[in-house]
Amino acid sequence: MVAATKRRKTHIHKHVKDEAFDDLLKPVYKGKKLTDEINTAQDKWHLLPAFLKVKGLVKQHLDSFNYFVDTDLKKIIKANQLILSDVDPEFYLKYVDIRVGKKSSSSTKDYLTPPHECRLRDMTYSAPIYVDIEYTRGRNIIMHKDVEIGRMPIMLRSNKCILYDADESKMAKLNECPLDPGGYFIVNGTEKVILVQEQLSKNRIIVEADEKKGIVQASVTSSTHERKSKTYVITKNGKIYLKHNSIAEEIPIAIVLKACGILSDLEIMQLVCGNDSSYQDIFAVNLEESSKLDIYTQQQALEYIGAKVKTMRRQKLTILQEGIEAIATTVIAHLTVEALDFREKALYIAMMTRRVVMAMYNPKMIDDRDYVGNKRLELAGQLISLLFEDLFKKFNNDFKLSIDKVLKKPNRAMEYDALLSINVHSNNITSGLNRAISTGNWSLKRFKMERAGVTHVLSRLSYISALGMMTRISSQFEKSRKVSGPRALQPSQFGMLCTADTPEGEACGLVKNLALMTHITTDDEEEPIKKLCYVLGVEDITLIDSASLHLNYGVYLNGTLIGSIRFPTKFVTQFRHLRRTGKVSEFISIYSNSHQMAVHIATDGGRICRPLIIVSDGQSRVKDIHLRKLLDGELDFDDFLKLGLVEYLDVNEENDSYIALYEKDIVPSMTHLEIEPFTILGAVAGLIPYPHHNQSPRNTYQCAMGKQAIGAIAYNQFKRIDTLLYLMTYPQQPMVKTKTIELIDYDKLPAGQNATVAVMSYSGYDIEDALVLNKSSIDRGFGRCETRRKTTTVLKRYANHTQDIIGGMRVDENGDPIWQHQSLGPDGLGEVGMKVQSGQIYINKSVPTNSADAPNPNNVNVQTQYREAPVIYRGPEPSHIDQVMMSVSDNDQALIKVLLRQNRRPELGDKFSSRHGQKGVCGIIVKQEDMPFNDQGIVPDIIMNPHGFPSRMTVGKMIELISGKAGVLNGTLEYGTCFGGSKLEDMSKILVDQGFNYSGKDMLYSGITGECLQAYIFFGPIYYQKLKHMVLDKMHARARGPRAVLTRQPTEGRSRDGGLRLGEMERDCVIAYGASQLLLERLMISSDAFEVDVCDKCGLMGYSGWCTTCKSAENIIKMTIPYAAKLLFQELLSMNIAPRLRLEDIFQQ
């Protein structure tokens, strides 16, 4: 940044010097035209921080939640506002208003337990939901304000949170980190994120073709507040049918259209095909269906459909009513029918049919399911809104039942106060919301929606892993199927989704991440837009006759035809002009589609969009003056929108635009300019320096490893008590930064250290990416980290008034504590700072033996017997007690948390990685005296084998080394931003100026012989991350140990001190070697040898020398077999299969 300002100053001075008037009269001045912009090319990235202040990254979650709390809740209440009683017609209860977290009377918010306290005390961070109600009591109508009906979990940093708009000092008071992204919930003390869910868009027609079966189908998923259903228009043997789940069989399309009131075949033909003869030829065959079935009137058609409806209702309707009901409410449910006027629905079905006919005529006219414009992203707000509405309906139902129960009794009916029973059910809403968020299972009765894995625990491995989790998109696609379509990188994802950040393995391409400048829209009202369209010259669809429908472009609002327009281009331009002047919401998109002759307007939520600079007449509208005002704080990002300099485009509208990547590329026909090209990457991929010089999978690997790097987590990391925390002791910010690093504040909470690296071979312990580390560097703290583990204990209270207690420590005859209790304090808890070794106790808890007995009312002072239930430390290395916290949980039980700390220095086998997807383990640690050094006496911290470069092609790593070296010598932090950054020539020039080699190679001397090495060595700083995979956590061996109860074989897994299994493949290998005794020893003697008595005669097993089958003891032979084999034989016997052992003597006499 400093360097940039210096450069800018010199630039301005030059202009002052050369301000001679005659120079300016020449057409070209200093290589620039007069009309050229000054310096904007470098400066327009200042729009990025301005954008991230208002939108982007985590703001999507917050906006969505705020919209739900402020707008959606009120809509839900309005839809379900009345509760009436079946018993007493006089009674009613009406919800007037709803608020979260603040009462109507006082302007202040309620006191909420601060989020940090909720984390420590295992509570839920939530605010009360208040309603104002009006109801009858006897003859009176009563208004009641601020009735609490439950508690709503609050998203951190949303507008109902304490941290909303808090400055740094207030954050510090609340023990919160100002850089923490927010956007998650705290439920029972754990941080839960609702991931962005990806789905196909609702209420839109999607045409697909199945080439194998030769089927073309158009489907639309209708989603309303009451129901979700899918309607298909499909082809079968060249004829077209309508299909719906609630109708038993497919119905010919002509009959459906007749049922909707379009009776003449000519009109059906006009609606579907217009004047296009080729479409008419394809469609004509469908008109015969109705005459075959003798259906000519609307009533006949409705009866035909009614007969086919699957009935689920209790009261019987006539066939005609069934048909009307099906067409009015079931088929294409998102269109409402008023006064039995089916015209709109007929047009919609005709449009679907037309799309099918077009696809039959031209197979290219089908839609792509994986195209980003056909997808919608669901955010936390929408998901909780569905959940809350479900719970609220259930709450009202239970409420009504309990009111009816009371009103039925004749004596109580006079003065019944409904308020008394509202509190009984209020727990339903609270626990329903909490359960859904903590388990991640969304099950809604109305939609038959069952979804698992919606929420995840926020990963706090590093600051980046938490941030990356907020931008993750999970798609509801089965991971097991190996389909390449949805996993592929779509061109429409450009700028919307990060190209590099996706996991490898089965979820590859299904789990995506948002790019840096994306925003996800929320719903906007449709009605005003509809009116606006009619004002701008759209003819209302209900007034157009069928014949002229297809002569002009159709206008669609959220997929529904609302009219037609004669001059589409003019209409689109006018509409965009209104949007740019701020008369219409900036997130509404409009685009024309010439293939379908349609103009589409979209106002629905869940579309991905991103901001672009508007270009008019070959000039970027953002001028230098605007950027200066932005830097001075006179303008913010919203002003740029209002002034019509910047606008949001979604994927569909991007297809209508011509976008320049750089200002120098602008030609007159272009419509937009990218704000910055590097924003096609997301937050995690933005950390990589010079990613455009790397092979693409390397960037993908780094995205996965950057989330596992140990570093600083948050400013409040020492106040937190998490299950497992990894912290680096001396994190450094990288020498080579990127713009993204500054934007997401990674330089304030970094995860890694700048290591001096020599690229050379040393010792042979560096084969296959292993690293050679310098022992002295480790002594000085390179790569040192600490782990913190939490143990939680609850002191329970039992029904019979007994409770768990913490005992004191035991002492020996000298008055010293016994070895097991050495780390305890006098109160029976570990003392802070004490060392705990494996086998020592650090919480000395005792439990009453009679806790299960019934409460004893008579003799209260019975002496309670306790047995010890201490918490014992188990671990290969000793730990230190870091914090002890005592508190009270929600249900008034004492809660004790102890945090254990371990300091770790790097050892052989610990995993490191650079920022270019090059991971390696530490292969050997060498003393500084034996390491090579250069003529200034600098010794590398890491020696890396040069064979890591050729096949990986990570040129970015080499450039990072040169930039970092130049930065160190020059005293600046260099930039390795994608598609930009510090130029290699400039860096090399700095190296030469400072007396180093142009290519970053140095002369090194051997540390062993002191002679000069025979080659120049590539030598300089590279940013290295220490990953969470450490040997100490994985090391495992076993000689003897526990065995499983059932099979009597050694247990499995490191945590249970399990054995190492010699599996099937290893067994085959041993057989191939012919080492049969080894096989016997491993698979039986050392595993689960067992002596059985086998009867030679019948081949079944007996016991203690007696064959139970033959009832004799003659032919019993003792032999050793694996216990698992004996178990198998007995299990087979229980299933009526008799495995008989045929024995023969090996050593025949």
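Heads up, the Cβ atoms here are built off N, Cα and C, so glycines get one too.
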Select from 295-310, 503-518, 743-758, 1095-1110 the stretch of residues annotated by Swiss-Prot as zinc finger. 1095-1110
Near the zinc finger (1095-1110) in space but 6 or more residues beyond its ends, with Cβ under 8 Å, are 1116-1117, 1126, 1129-1130, 1133, 1138, 1140-1143
Taking the Cβ of Cys1107 (Zn(2+) binding site) as the centre, how many other Cβ atoms fall within a 10 Å radius? 22
Determine, from DSSP, whether Cys1095 (Zn(2+) binding site) sits in helix, strand or coil. strand
Largest tally of Cβ atoms lying within 10 Å of a Cβ, found at which of the binding-site residues Cys1095, Cys1098, Cys1110: Cys1095
Does DSSP put Cys1107 (Zn(2+) binding site) in a helix, in a strand, or in coil? strand
What are the other residues, in sequence order, whose C-beta lies within 8 angstroms of the center of the C-beta atoms of Cys1095, Cys1098, Cys1107, Cys1110 at the Zn(2+) site? Asp1096, Lys1097, Gly1099, Leu1100, Gly1102, Thr1108, Thr1109, Ser1112, Asn1115, Ile1116
